[in-house]
Structure formats: structure tokens, C-alpha cells
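So the structure is just underneath, and the comments pick up after that.
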Amino acid sequence: MTARPRRSALFMPASNARAIEKAKGLDCDVVILDLEDAVAPELKAEARAAAVAAVATGGFGTRELVVRVNGLDTEWGADDCAAIARAAPDAILLPKISTPADLAIARAEVGRTVPLWAMIETCTAVIHIGALTGAAAEFGLSCLIAGTNDLAKEMRCRPDAARTALVPALATIVMAGRSNGLVVLDGVCNILDDGPVLADECGQGAMLGFDGKTLIHPAQIAAANRAFGASDAERAWAEAVIAAFAQPENADRGAIRVNGEMVERLHLAQAERILG
Ligand SMILES: CC(C)(COP(=O)(O)OP(=O)(O)OC[C@H]1O[C@@H](n2cnc3c(N)ncnc32)[C@H](O)[C@@H]1OP(=O)(O)O)[C@@H](O)C(=O)NCCC(=O)NCCSC(=O)C[C@H](O)C(=O)O
Ligand SMILES: [Mg+2]
């Protein structure tokens, strides 16, 4: 079983040509060209053209290339969807998606082919996330990203270093994504240095079950790759579990002892995912 890594998903303004070139050599798994919040209104058309050109030119190697469009309730959203869908990146990321109706509108604008990713960053989206993710297959939605800045703004909460006020929403997003087979990515850390705040936030995201973290600066990539990649200890555990279940005497057993721990076949599946 193999899974595409999405440990680190780096946002950059599509209007920033230097950042886009730099991304081609960075160790991130996903590159997200932003047309929304990182781009000033007077640069929206220029940024859209730059994103189309970047997708056409390529050069991003194995990194997934995603473009975040403007909201469909803005003057730029429909034109963004049409232009970016023609360019055909690996996915189109939709901001402020709250309901299945929002997804339906976006799918109609984008057409049938390009996969959709959605920012979960409104209170309505979190409260009604079961309906949203239940419609994922119908509208080709494959990934959820927690938009923690917008969510905190709308909640009027005051997130501390441990993101206490956001944890219920973050766990809800993970569960909703998992229950529908979607990729789930944590929100950005606004502290740009690769220091303890970022390390703790990455560790918290991995602990909550996210597949990776969205990032805003190259200095944040290594911390995300470390936190969301398998550690040496996890790899050793996975190898031991797989080897134990491969023994002929365990062929028909559901639960066995490995290095002093009970492991069941659900752990075998986890071990295969870790090594995959
Ligand atoms: C945050 C920044 C504005 C900081 O910019 P700056 O101080 O100019 O960065 P540096 O001088 O440290 O840059 C050093 C070099 O790294 C390149 N760089 C910087 N950022 C990126 C990047 N994101 N991707 C690729 N390369 C980057 C610089 O070009 C320098 O290169 P060189 O000249 O060769 O040395 C800036 O980092 C930035 O714009 N970040 C992205 C902001 C963004 O995209 N925001 C939108 C997404 S987050 C969001 O919207 C949240 C969500 O919706 C929510 O609600 O939570
Ligand atoms: Mg946002």
C-alpha cells in the first residue's frame, strides 16, 4: 500500500515569481499557488495569469501543484475557476466552503476534471461538516485544509500557543475527513521561524491525526516533514508488526504479542500505512 506524502504544503502568492521558482527546489510535498488572501486586489489578474503560466511550465517535480482560487462570491472567483481549470493543476483549492451547495457551485464553475480541495474556515463549515464531506464523492472533493486564521477570526476566539480554542474544530475536521477517505491538512503557523512554537504546532497536528501541515515560509518545511513523517521508532514498530504477522504460526491469529505489546490486525494495517 502506498500513500502520497502531504507532510508539508507550502503556500505562496501566485504574484511572487521568485517564490514560485524557489519552490521548485524546496523539500515540500505540495506547492499551493495562492490567488486569494496573499494577493492584493490590484494584482489579482496578474497573479491568475502567473498561476496559469506556472502550471503550464511545470518543473515542480514530484511535488503536487495546487492553486487556491478566490471565493466564488468575489468578483474574481468565476474567472479564476475557469482559467485554472483549463490549466489543470493537480487540484483547485476553494476558500471558505461551508455547505454542499458551495461545492456544487464550485464544481459547476471548474468543470468535471480537476479534483477539488476545500478550506474549512467558517463556523458553518465546522458545524455542518458531515453534510459537506458526505457530498465529497459527488463533487470530487479529496482534501480538507483547516483555515485556522479565518476560523479564529470568525469565532472571535483568542488562540494560545496550544490552540486550545481551535482543538475541537481541528479534531472535527480530522474525523470528518477520515470518515469520508479525504486527506486532511492542518492550518498555517503564523510564526515564521523554525522554532519551538512551530515544532509544537506540527507535533500537535500530527497527534490530532492530520496528514500534514500548510505552511507559509520555506523555513517551516523541515519541521513539518519531521513531525508528519514516520519516526525511526515508528518504522521499527511497523517492521516488527509486519514481520510478526508474516510468521506462519500467526496466519490465523487476530491478536498477537510483539515486543511486549498486544497487536491486532488493525495495527497491521497501520504498520503497512506507515511503511507505505
Ligand atoms: C510571510 C512572507 C510575507 C515573509 O516574506 P519575507 O520576509 O520577504 O521572506 P524572507 O525574506 O524570509 O524570504 C526568504 C526567501 O524565501 C523565499 N520565500 C519566502 N516565502 C516563501 C514562500 N511562501 N514560498 C516560497 N519561497 C518563499 C523568498 O522569496 C526569499 O527567497 P530568496 O530571495 O531567494 O532568498 C512570505 O513568506 C509569504 O508571502 N508567505 C506566503 C503567504 C501566503 O501565501 N499566505 C496565504 C496562505 S495562508 C492563509 O491564507 C491562511 C488560511 O486561509 C487561514 O484562514 O488560516
Ligand atoms: Mg483563510
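Here the Cβ of each residue, glycine as well, is placed from N, Cα and C on the backbone.
Applying an 8 A CB threshold to same-chain residues 6+ apart, the list for Arg68 (substrate binding site) reads Phe11, Ile32, Leu33, Asp34, Leu35, Glu36, Ile92, Leu93, Leu94, Pro95, Met119. Taken from TrEMBL, the feature substrate binding site applies to Arg68, Glu121.
Taken from TrEMBL, the feature Mg(2+) binding site applies to Glu121, Asp150. Within 10 Å of the C-beta of Asp150 (Mg(2+) binding site) there are 19 other C-beta atoms, taking all protein chains into account.
Sequence annotations record features per position, and here TrEMBL assigns domain 'HpcH/HpaI aldolase/citrate lyase' to 7-218.
For Asp150 (Mg(2+) binding site) paired with Glu121 (substrate binding site), the C-alpha to C-alpha distance reads 5 Å. Computed over the domain 'HpcH/HpaI aldolase/citrate lyase' (7-218), the whole-number mean pLDDT of the model equals 97. Glu121 (substrate binding site) has a Cβ environment of 24 other Cβ atoms inside 10 Å.
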